[in-house]
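Reading through the C-alpha cells given below for one structure.
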Amino acid sequence: MSPVQPLAGRQAADDPLIRLQEVAVTFGGRSILQDVRLEVVPGRITTLVGNNGAGKTTLLRVVVGLTHTAAGRVWRAPQVRIGYVPQHFSVDANLPITARRFMALSGRANAARWQEVVADTGVEELLDQPLQGLSGGEMRRILLARALLQHPSVLALDEPAAGLDGRSQGALYRLIGTLRQRYGCAVVIISHDLNLVMAASDEVLCLEHGRIACRGAPASVIEHPEYQKLFGSHLGPDTGVFPHDHHDHSGPALAGGGRG
C-alpha cells in the first residue's frame, strides 16, 4: 500500500492540492489503474472520461482517499478538504429526514456560510422536503450544497449529471462553473456527456484500461488519436450550455505519461 504524504513547503495559490505520481491500483490481482499521474489544482475543472471499466471511478476514489494504492505516491497539501458527491446515494425509507436536517449534519457551517451556499445552489425551496421525495437532480443539488458547507478545497463529483435531462444537465454544469469561480476550489468530475465535458472543463483526462491514454485542454484532446479511437471526432449538436469562448482551449494534448 502506497502511503499518503503531505505536500512539503508553503503552498502558492496555483500549487497542486493533491498530486498523484505513478499510481497503480489492483483488486484481487487484477490491475485497475496503472502509472497514473494527476495534479489537482485550485480553480481548475478536471474531467475524467472513458468507457465503462476504464478506471474513472477508482481514480476519483484515490483522489478522495477512499481507495488505497498498490504503487506510486499520493501527496496532499496540509489541511486539504474534499467534498465528495457520489453517483449513487440511497435514502433509507425507514429514516425520514428533511433536506435541511441532512445538510445540517455536515456540522461545519455557520449561519453566513449556510445562507451563501443555499443561495448559490438554489436549494431554498427543497430544504423542508423529505429526501425520499426529491428527484435525482434535486438530490444532487442537495448533495453538492452539503459538500460546500464543509468548506472544501477540492470538489469530487462522480457523474453529477447522470440521469438528468438536457436542460437539467446544462443548469448543473453552469452551477459547477459558478461555484468553481466563487469558491476557488478545484473540481474533479467524471462525466459521459462529451458536449458538456468540452464546454465546461479546463483539462480532460481520457482513460483506457486503467491508463491515461491522452490528456490536455478539451479542444486538443478531441483531436488526439487515442481519444478519436475511443469516441470518434463527432460530439453531436452544440448544447448551447456555455459560450464557445468559455475557456481558452489551446495547447497540445499529451500522451498519458505527461505531467498531470
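Glycine too: its Cβ is placed from the backbone N, Cα and C atoms.
Feature annotations, courtesy of Swiss-Prot:
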- Gly50, Asn51, Asn52, Gly53, Ala54, Gly55, Lys56, Thr57: ATP binding site (BINDING)
- 18-234: domain 'ABC transporter' (DOMAIN)
- 241-260: region 'Disordered' (REGION)
Cβ-based isolation winner (fewest other Cβ atoms within 10 Å) among the binding-site residues Asn51, Asn52, Thr57: Asn52
Cβ neighbour count (within 10 Å, all chains shown) around Gly53 (ATP binding site): 13
Near-site residues: ATP, ref Gly50, Asn51, Asn52, Gly53, Ala54, Gly55, Lys56, Thr57, CB cutoff 8 A to centroid: Leu207
PLDDT averaged over every residue in the domain 'ABC transporter' (18-234): 88
CB contacts for Lys56 (ATP binding site) [other CB atoms within 10 A, all chains]: 25
